[in-house]
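Lifted from TrEMBL, the feature list:
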DOMAIN    42-293  domain 'G-protein coupled receptors family 1 profile'
TRANSMEM  27-48  transmembrane segment
TRANSMEM  60-79  transmembrane segment
TRANSMEM  99-121  transmembrane segment
TRANSMEM  142-164  transmembrane segment
TRANSMEM  199-220  transmembrane segment
TRANSMEM  241-261  transmembrane segment
TRANSMEM  273-293  transmembrane segment
Amino acid sequence: MADNATHHYISSFFLVGIPGLQDFHCWIGIPVCLLFSLTLLGNSIIIITIKLEPSLHQPMYFFLGMLAMNDMALASSTAPKMLGIFWLDAHWIDFDICLAQLYFIHTFCIIESALLVAMAFDRYVAICIPLQYTTLLTTTMVMKMGLASVVRAIFLVLPCPFLIRRLPYYTKYVINHAYCEHMAVVKLASANTHVNRTYGISVAFSVMVLDLGLIATSYLKILQAVFRLSSQHARSKALGTCAAHVCTILVSYTPALFSFLTHRIGKKVPPSVHIIFASLYLLVPPTVNPLVYGVKTKQIRDRVIGLFFPNKKISEN
């Protein structure tokens, strides 16, 4: 493939998987398969429960349903190829398919971030201005917020594959990663990639700063409102409604921040560590989110128990 490299573009990339741990790929595939299976099962249960239970037809649960669908899409864009690498030695990936995977991964990540912002806004309205909750967060408004999350992600990520498409790829075709990640693909180009790098970092940084800023602002307002309550029980109840969302934020953003920083400034971090964290960032939150909401949210927990164990008495606590 590298022969006559000065005259021919490469047509495929070789995904290494996890550099340095190739001998353990067969074993690494087991937790990846388990996480993927749990993601599909857990999020499917969340979606079905919300759909079948009329009492859950509220903005908070509509956003949760959107998050569950996005989590399934995010995991499905990465896990099958990773399992192909780990278990079937299917390392090669077509150039255009690689760009498509890259596009969908980053699009779903940005949608995820936007949905977390929407859910923070939902909690802000519910706790800080509860009398306006039903008038502000109508079903139409929820749908518009969900659509805005998708549209923003589509247009922010859309330039990335086109910017990569204009670059010449002659000699380098080995991607030291388990999936097609933007910067990992850009680095292989046989040309100046300043525009690609600048745009990629700008999008990632702006999305993270804006979304985390909005989430932080919402929770500062929530804390101010909660601590103005005179009853300790009321405080605990108000904060309890936010517990699942806070857990989801921590699970989603912690590995994302680590992956972002190590990829750009962590020169001494071993590649295997970076790739493991980058993979966890895509596989763990989609798996954990339905578990967190299933355990922390009484309405969902009770409905799931009711669906699977109809004869079991639901706890009143």
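Every residue, even glycine, has its Cβ placed from backbone N, Cα and C.
What TrEMBL says about a protein is an automatic prediction, not a curated fact.
For the transmembrane segment (199-220), the neighbouring stretch richest in Cβ pairs under 8 Å, chosen from 27-48, 99-121, 142-164, 273-293, is 99-121. Residues of the same chain lying 6 or more positions beyond the ends of the transmembrane segment (99-121) and with a Cβ under 8 Å from any Cβ of it are 60, 63-64, 66-67, 70-71, 73-74, 77-78, 81, 93, 145-146, 148-150, 152-154, 156-158, 160-161, 164-165, 179-182, 185, 203, 207-208, 211, 214-215, 218-219, 245, 248-249, 252, 256, 282, 285. Against the transmembrane segment (60-79), stretch 27-48 has more CB pairs under 8 A than any other of 27-48, 142-164, 273-293.
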